[in-house]
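Pulled from TrEMBL:
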- 1-18: signal peptide (SIGNAL)
- 26-76: domain 'PSI' (DOMAIN)
- 34-466: domain 'Integrin beta subunit VWA' (DOMAIN)
- Cys38-Cys75: disulfide bond (DISULFID)
- Cys48-Cys64: disulfide bond (DISULFID)
- Cys206-Cys214: disulfide bond (DISULFID)
- Cys436-Cys693: disulfide bond (DISULFID)
- Cys464-Cys468: disulfide bond (DISULFID)
- Cys487-Cys526: disulfide bond (DISULFID)
- Cys492-Cys501: disulfide bond (DISULFID)
- Cys503-Cys517: disulfide bond (DISULFID)
- Cys532-Cys537: disulfide bond (DISULFID)
- Cys576-Cys581: disulfide bond (DISULFID)
- Cys594-Cys601: disulfide bond (DISULFID)
- Cys635-Cys638: disulfide bond (DISULFID)
- 642-731: domain 'Integrin beta subunit tail' (DOMAIN)
- 732-754: transmembrane segment (TRANSMEM)
- 755-801: domain 'Integrin beta subunit cytoplasmic' (DOMAIN)
Amino acid sequence: MKVVVVVLLLCCWDSAQGEQGDREQACHAVGARSCDECLTLGPHCAWCSNESFNKSGWFTWERCDTVSALIEKGCPQGQIEDPRGDTMLLLNHNVTSHHGDQNQHAAKGTVQLQPQKVRLHLRPGEPQTFKVKFKRVEGYPIDLYYLMDLSFSMEDDLLNVKQLGTDLMKEMGNITQDFRMGFGAFVDKTVMPYISTTESMLQNPCKRQEPQSCAPAFSFRHVLSLTQNGSLFGELVGRQNISGNLDSPEGGLDALMQVAACEEAIGWRNVTRLLVFSTDAGSHFAGDGKLGGIVLPNDGKCHLENNMYTMSNHYDYPSVAHVAYKLKQKNIQTIFAVTQDVQHLYEGLKGMFPKCAVGTLSNNSHNILQLIVDAYNALTSEVIMDNSKLPEGYQIAFSSSCKDHVLRTGEEGRKCSNISIGDEVSFHVSVTATGCEGGSGESRVFIKPQGFSEVVEVLLQPVCQCNCSQYRQPLSPSCNSTGTLECGACRCKEGHIGTFCECDEDALNNGDMNGQCRRNNASEVCSGHGDCVCGKCVCHKSRRNPDHMYYGKYCECDNFHCDQYQGLLCGGQGKCKCGVCQCFPGFTGSACECPLSLQPCLSRAGFLCSGRGRCVCGTCVCEDGRFQGPTCEICPSCPDVCTEHRECVLCRAFRQGLGEEECDRDCNHLNLTLLEELAHLPQENHNAGLHRCKERDVDGCWVHFLYQAEHRNQSAHIHVALERECPSGPDVVLITALVSGSIVLLGLVLLLVWKLFTTIHDRREFARFQTELVKAKWDMDDNPIYRSAITTVHNPKYKAQ
């Protein structure tokens, strides 16, 4: 477990180091020459405004770095410019907890969106996030405009819509007490080929007289402005008469554009706006007007005179995108109530409109009331946050926390569904300035839920200037009176260059200056590790380690690109100079990895590689393949020292084993010291080369001796204890008694077991006999083998009288 924790900590440390390095790299990427320029490189970049910074050997562009790096470079913390962004709530009325009567909305206003106004100070690359609350308030006012296709195929639908006003007023009264509705109708443009232009067809496009003739065709007619009078709705709709046209598509988009553009004529309030679009056909769109010779694109403006669209034959049909934009701009939510055969057309439009619903209209529109109520509930139960066009150089992102408390991001972060009356949801809005391309002026963006009139106004103020920039010193002596001292750095006048504006550009040719900073024509200026200032290289320091430096006439040398040993530059035993290790005394090698001393190769007994190898670069190279280890002392395949000297000890000290001649030949090189008692044997000490041994002799006794290799000598010294440990003989009487007793005991146990077994068996047999006696029954009967002595024979001829 500890190992896992350590590994995780190391991984986190490496990740943090890598991230820190990336941040520093971003601050140096461009080579900022001013504090304002430094701010645009990233939110982690800061500027050192200390005037003495350049005099410490740092370049102007190195003033732009992370705060921690600048402190390491010696910049006083109080002179580090690092302005941050912030969020200010300028208008923050709480959302309405409940809604009483309808007059409260007009008097005090209902708040469904909080806050109402925010100011963001944005440092480039640093997002600012604020929370937007939305609450669906009970009884919020509703304006509904019913736009109906009055072409001939909608005749039976018109009869049902005439009853809609009163019924819809009652039904919507369950939702809000402040409900208004209006009515408008459309057919198509009144030119060929959309309608017939003969005199009779213009007056009666349906070619019928019974039960009544059709009304002349028209493009769009506004019949009733938004009102709370449901009876008036039914009365005015009842006066409408059906009309007709030639082709199947109608002029519905023209009508939609006028309903959205003519706010004053329609009577739209700043409340929930619903537009019911009822038809059984498709719609003409932009470009179709050319068939009638109409080429001017739709201007998206209101052209109602006497409640009639007068510019229908002057402007082309609007495009779907144009109508969708206008509806979104006016916060109008659309309900397409269409018949089943054209429903697929309007389902395709659904994704293009900002917020709309599509419902299937029955053949005679008898289900229109329920369709409107269901569509309203579906539209208002979903909140989709939208924003106006962002100024250049800004990005915006949404995340939502809805009723299910699941965090959503991306496009899904703009939405919350299944919102009931009284529910409150929240959105987190994150705005980021990508740079200062748009200048330092204030701009604004508006955020609002689609289909609702309330907005959040967001003022955007980029942080593109340092505080020290306002304290400029023109013609400062620190800049040789030829430049402006700004935030600690010099901005030279034209014709002067250098960190302190010390060089006259007219006196020096810029090309010659760069040439003086190259070793040859193929090399980089100052080897890519410095700046050419007035014809001389001023070398950089390492960005990540101030101790790492470049030097030389062309910055061609450094003190950190040398061989490493065990992770250390020059093995920690030398200094790196221009790519070559200069080792301290006592070390050699390209990374100073080789000590000149033989001490690491001496064994514990003081032998050089134990006499079995050579000392190379402080390490033993064993020449005998059987031996290994730092000093060639380990021999896995060799017998140990005790076994190796057992025979010599036995023959020299105890006259056992080897013969006298063989013993003198093989064991005479050993120095033996004979000790009378075992207690006199020296203690074992491996560090001193003392190994204590315990071996058996030919009598089975233990012999103890101590092996000691002579210091710097190939001979060995052995201390032998003449006192042996011999095992005592067996006690015959005790063994005989124990064996005899065991046999007798075993016989008694077997006898008892046999007796127990027979007793149990006899008892079971006797019990069975007793049971059979009880069950026996004796009855009187003839012997089955008995035969009677009397035999009776009947005469078959005899007949009794």
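Keep in mind that glycine also has a Cβ here, set from the backbone N, Cα and C atoms.
Those TrEMBL annotations? Automatic predictions, nothing curated.
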In whole Å, note down how far the CA of Cys526 (disulfide bond) lies from the CA of Cys576 (disulfide bond).
20
Restricting the comparison to the disulfide-bonded residues Cys38, Cys75, Cys537, which residue's C-alpha is spatially nearest the C-alpha of Cys503 (disulfide bond)?
Cys537
Per DSSP, what is the residue count of the domain 'PSI' (26-76) in each of helix, strand and coil?
21 helix, 5 strand, 25 coil
Have a look at the disulfide-bonded residues Cys206, Cys468, Cys581, Cys693 and say which one has the shortest Cα distance to Cys492 (disulfide bond).
Cys468
Roughly how many Å lie between the Cα atoms of Cys526 (disulfide bond) and Cys436 (disulfide bond), rounded to a whole value?
33
Could you tell me how many residues in the domain 'Integrin beta subunit tail' (642-731) are helical, how many are strand and how many are coil under DSSP?
27 helix, 28 strand, 35 coil
Please identify, among the disulfide-bonded residues Cys75, Cys206, Cys517, Cys532, Cys594, the one with the smallest Cα-Cα distance to Cys464 (disulfide bond).
Cys75
Test of understanding: give the count of other CB atoms lying within 10 angstroms of the CB of Cys601 (disulfide bond).
23
Across all protein chains in the structure, which of the disulfide-bonded residues Cys48, Cys492 has the highest Cβ count within 10 Å?
Cys48
Near Cys537 (disulfide bond), which residues of its chain come within a Cβ-Cβ distance under 8 Å, counting only those 6 or more away in sequence?
Cys517, Val525, Cys526, Gly530, Asp531, Gly552, Lys553, Tyr554, Cys555
Nearest of the disulfide-bonded residues to Cys487 (disulfide bond) by CA-CA distance, picking from Cys64, Cys206, Cys601, Cys635, Cys693?
Cys64
According to DSSP, does Cys468 (disulfide bond) fall in a helix, a strand, or coil?
helix
Least buried by Cβ count (within 10 Å) of the disulfide-bonded residues Cys464, Cys487, Cys503, Cys517, Cys635:
Cys635
Of the disulfide-bonded residues listed here (Cys48, Cys581, Cys693), which is spatially closest to Cys601 (disulfide bond) when Cα positions are compared?
Cys581
